[in-house]
Amino acid sequence: MFEIKKICCIGAGYVGGPTCSVIAHMCPEIRVTVVDINESRINAWNSPTLPIYEPGLKEVVESCRGKNLFFSTNIDDAIKEADLVFISVNTPTKTYGMGKGRAADLKYIEACARRIVQNSHGYKIVTEKSTVPVRAAESIRRIFDANTKPNLNLQVLSNPEFLAEGTAIKDLKNPDRVLIGGDETPEGQRAVQALCAVYEHWVPREKILTTNTWSSELSKLTANAFLAQRISSINSISALCEATGADVEEVATAIGMDQRIGNKFLKASVGFGGSCFQKDVLNLVYLCEALNLPEVARYWQQVIDMNDYQRRRFASRIIDSLFNTVTDKKIAILGFAFKKDTGDTRESSSIYISKYLMDEGAHLHIYDPKVPREQIVVDLSHPGVSKDDQVARLVTISKDPYEACDGAHAVVICTEWDMFKELDYERIHKKMLKPAFIFDGRRVLDGLHNELQTIGFQIETIGKKVSSKRIPYAPSGEIPKFSLQDMPNKKPRV
C-alpha cells in the first residue's frame, strides 16, 4: 500500500489550518505543510497570534509547529514534495454571470488543479477538502488528463470536512465519521486506502466511510442542507409561538425528546450564518434547477427564504418596539461573529440586522470579544450593506459591552457569547435611556428574564412573549431583502 509521508494543504483558512494542524498533531511521522498565497495570513500562522480563533487550536499548533507542521507561501515546492495534496480553498457563491447568487464559483479550485499538475511528477493523491458541487472531482480530473505528462499519476479523492466552527478541534479529534470518496478502480481504491491509513492514526476504522466521489460530494452538501433546514424549521415555529403565546424552547424540548427527531439544531434564533449553510443550500438549489428538478429546488430554496424572513422579522420587531423609529437612536449590538467561540463573521446575522437598522438611521455601537474592528468595518462596508459614508457616520466599534450600552435605547444580542450572561445588567440599565429594551436574538438570557424585568428592562426574545406591554410591529415584508452575494466587495475605509 502507498504510504503518505508528506502532505501539502493549499489554503490556510478555517478548514485547512485546523484540519492539517490536527493531522500533524496526531501523525508526528508525517510532515505537513500548509501553504497560501496570502503572506500576512501565513505570517500569522507562524506567530503567537493565529489568524483565526478556535478553542484549543493554539495549543495544537504550538505542539507541532516547526517540528512536522509548517506554514509557507512557497506553494510550488510544497506541491512537488508532497505525496498528498489537500485542496482547501474558498468556493464562494458566484456574484456574476450564469448561476449568480446560487452556483459555486470554482475558479480557485481550477487554479489549484492547474498548479498541481504543473508542479507534480510520479504518483500523487489530490484530495478535495473544500465544499464543492457534485462532479467537481471530475472537473479536476479532466484538467489533469488534459495536461498529463510521462510518469505522472494523479489520483483524485473527495474528503469533505464536517467540523463546526467553535468546536473544530474537538470535532477533528473525535469525528462522528470521516468520509472519503474515490474512483471505483484499483488505482482509485489504492488512493482511498492510503488516506484511510492517515486517519486510522486516531479514528476507529468503523468510523471511516468510503464511497464514490459523487456520493462524497453530495453527502457534504446534503448534510449542511439538513442542518440548515432544522434551524429554519424551528425558526418558523418561533413565529407561530410569538403569535399564540407558546414558548419555542418548550416546544423544541418536547419534540426533541422524540428519538426519531432528536434535540440537535432545534435552537430558535435570529437566523443561521457562517460560510457553509447558505452557500451550500443555494448550491443544492442551483444543482436541482440544472438537473430539471424544479420542485426539489423550490423545497430547498424555502430554507433560505425562512432564514431571510427571520432576520427581517427580528429587525422589524426592534424598530416597531422602539416606537416605530430608530433614527438617530443609539443601539448596542452585542456580538458580531456568526456564532460563539469563533471570530468568523461570514453571513453573520449581525451584518443583516446592522444593515436594516442603518437603513433606518440608527447609530450602532458594536462589540464582539473576538472580531477585530477592521473585520466589522469590512463587512458593513460591503456595497450590498451600506452606502457611501454610512459606516463612518453610523457605526462605532466599542472596546467593551458596557461602553456599547452606555446611553443606548436598546441592546440587541446577535451572538450567543457566554459572557453576555454574566454582564452587570443593573449597571447597564442605569446608563441606558428609558424605557430600556433588550432584544435577545439568541435566547442567551432565558434564565434572567424575571430578574431583568425587575431591574426595569423590557425584554423581547425569539419565540416567546415576555414583556406584557408589547407594541404590535409591522409586517416584516416592509423590510426589503438583500444578499451579500449581490455585488462584489468594495475597498472599505478602515
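Note: Cβ is positioned from N, Cα and C throughout, glycine not excepted.
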Original post:
Of 88-110, 203-225, which span is tagged region 'Disordered' by Swiss-Prot?
Top reply: 88-110
Original post:
What is the separation, in Å, between the Cα atoms of Leu221 (substrate binding site) and Val132 (NAD(+) binding site)?
Top reply: 8
**OP:** For the region 'Disordered' (88-110), could you work out the same-chain residues 6 or more beyond its ends whose Cβ comes under 8 Å from its Cβ atoms?
**Re:** 9-11, 13, 15-16, 19, 128-133, 136, 139-140, 143, 278-279, 282-283, 285-286, 289, 483, 485-488
Original post:
Which one of the binding-site residues (Gly11, Gly271) has its C-beta surrounded by the most other C-beta atoms within 10 angstroms?
Top reply: Gly271
**OP:** Mind giving me a neighbour count for Tyr14 (NAD(+) binding site)? Other Cβ atoms within 10 Å of its Cβ, every protein chain shown.
**Re:** 24
**OP:** Work through the binding-site residues one by one (Val132, Ala164, Leu221, Ala268) and point out the residue whose CB has the fewest other CB atoms within 10 angstroms.
**Re:** Ala164
